[in-house]
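Here is what TrEMBL records for this protein:
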type   : residues  : note
REPEAT : A:87-121  : repeat 'PPR'
REPEAT : A:125-159 : repeat 'PPR'
REPEAT : A:195-229 : repeat 'PPR'
REPEAT : A:230-264 : repeat 'PPR'
REPEAT : A:276-310 : repeat 'PPR'
REPEAT : A:311-345 : repeat 'PPR'
REPEAT : A:346-380 : repeat 'PPR'
REPEAT : A:381-415 : repeat 'PPR'
REPEAT : A:416-450 : repeat 'PPR'
REPEAT : A:451-485 : repeat 'PPR'
REPEAT : A:486-520 : repeat 'PPR'
REPEAT : A:521-555 : repeat 'PPR'
Amino acid sequence: MSGARERRRDPCLELERVIGARARREASASTTRSKLFDGLLTHASCLGYCLQPSPHRCVSSLWTQRGWVRPWTLLIKRMPELGCTPNVVSYNTLLKGFCNEKRTGEALELLHMMADDQGRSCPPDVVSYNTVINGFFTEGEVDKAYNLFLAMMDRGIQPNVVTYTTVIDGLCKAQLVDRAKVVFLQMIDKGVKPNNDTYNCLIHGYLSTGQWKQVVRMLKEMSACGFEPDCFTYGLLLDYLCKKGKCTEAKNIFDSMTRKGIKPNVAIYGILLHGYAGRKCSLVYGLCTVDRWEKAEELFFEMLNQGIRPNVVFFNTIMCNLCTKGQVMKAQRLIDLMERVGTRPDVISYTTLIGGHCLVGRIDEAAKSLDVMLSVGLKPNEWTYNTLLHGYCKARRIDDAYSVFQEMLRNGITPGVVTYSTILHGLFKTGRFSEAKELYLNMISSGKQWNIYTYNIILNGLCKNNRVDEAFKMFQSLCSKDLQLDIITFTIMIGALLKGGRREDAMNLFGAISSYGLVPDAETYCLIAENLIEEGSLEEFDGLFSAMEKNGTAPNSRMLNALVRRLLHRGDISRAGAYLSKLNEKNFSLEASTTSMLISLFSREEYQHHAKFLPEKYRFLNEAKK
DNA sequence: GTAGGGTTAG
């Protein structure tokens, strides 16, 4: 074999050639020396850095084709031949690369290899563990992450503030805030001082589980320990309040922030503007307004006056506002505007646009946007495909959804929990039960951690296909798992039990909700209320309804309409009138089916004299009879 | 490790 050919085949040299080319490109494209260029100067981290964005693409394409099963093992082995001995930084960079690529299994293997320390003398350090722990949390593998945290201490490596903050953040994001608090206490116990970020993570956890009182406690504790809320903290609080529609409180927080001299940054402006995708409220300079485009513009110019440049996230926030309101054409124009002002739309901009098209049912337009995205050189990610896939599932075009799935695989994107859950839901919804069952059995036996969405989809799918017993068994097994059930889980089960005539079981379950730390919502109450009406327990129904309102759960329009229909169906016109009044008070409108029921009812002679029970506003329905 | 933007359930 000739020397030249041999050299071309040498993966290390080839890799070096690729790195060199990239480094030169980067260096000339940027006035500051890029990280990559720095990497080239320090040979040891050079290989590692290049691998970081994509060990899979970079190494696998070069190496796995040649039938080498463990390219990274070889890379590490051959680094000395390139004149650099891998150190803990090389390993850590590789670990980070694997985690970025969602290849946490391999990251763990590598970590174990380091830990085994077969004469290479490179034991993992605290950064190695932090990296992989974070990788597992990001993947939703809470148990694996936590076990690694324990394993680390077993090996005598002391967790630092980053470790603790990572674990606290991971647990909070998995809604396991109580466990996070325990870790927080352990941390203090061990003498590791928390920092602002630690507090922010915990506050985020309490906010996302709606525990406002705990948030207030944390804030007090924080300042008692000499930490003051920073821009991040205020961002969290404002975001929470805006999402809850609590504009007055948000305004107070915003004011106290500026009073303290903390200058709002572009993120704060984004939060204020976004205010729950414009659905609930947006706060503009302490003014609580309905989400109006003009107000958004005002905010935009004000921000510019402050010398704050909008970034792509900010624009995407506006995109999201437009898309959720169905103004997809405006969103499309915003993409053009972004290009003109020099803020390049990113994957999220296009994903949002695709979602907007799907929302208004223009699924083919959505698919076209994906093509445009590809043509401008953006690489769709899992979210992008999931969005399109969901669009197809919603349109009951499962086979098209499958082809999106195939395209995903072809483009090297690993489908995750959301992808599988979406397809599963689509299969159940279109009545392809046996396919759905095959899929979820495979999913469960794969050993991956699925989330509450997945299980709710399975439970609901089973129930809707007359397998309530099977669903109930699964539900019971979930109760003993370390998976936080939510109110939707209970509502699915209660609904199925009621429908199957198992009233007592349903009521027991309803009573058990609070012992799981959950609160029934309008949907849950609606199921129980409808059942009470059906059973003729009308006083009990009234009692339940007022108990609901006392508990702070406001009835929604769908619920009130359903209840009115139920009452009309039962012939309790006076009660129906009373609940129609509530509907009226709240400015909800009658659903078409409610209206037609009222009309057909009053068109019957024997109900004429009942018209007096109708609220004034609806009397005309009585006149609508022929 | 670090707030704001895009995906899944009744």
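Just so it is clear, glycine is given a Cβ too, placed from its N, Cα and C backbone atoms.
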Composition by DSSP (helix, strand, coil) of residues within the repeat 'PPR' (A:346-380):
26 helix, 0 strand, 9 coil
Please work out the helix, strand and coil residue numbers for the repeat 'PPR' (A:195-229) from the DSSP assignment.
26 helix, 0 strand, 9 coil
Long-range neighbours of the repeat 'PPR' (A:521-555), counting only residues six or more past its ends (CB under 8 A):
487, 490-491, 494-495, 498, 503, 506-507, 510, 513, 562-563, 566-567, 570, 572, 575, 582, 586
Select the range from A:125-159, A:195-229, A:311-345, A:346-380 that forms the most Cβ-Cβ pairs under 8 Å with the repeat 'PPR' (A:416-450).
A:125-159
Who are the long-range neighbours of the repeat 'PPR' (A:346-380) in its own chain, taking Cβ under 8 Å and residues 6 or more past its ends?
312, 315-316, 319-320, 322-324, 326-328, 331-332, 335, 338, 387-388, 390-392, 394-395, 397, 411, 413
Within the repeat 'PPR' (A:311-345), how many residues are helix, strand or coil going by DSSP?
27 helix, 0 strand, 8 coil
Secondary structure composition of the repeat 'PPR' (A:230-264) [DSSP: H/G/I, E/B, coil]:
27 helix, 0 strand, 8 coil
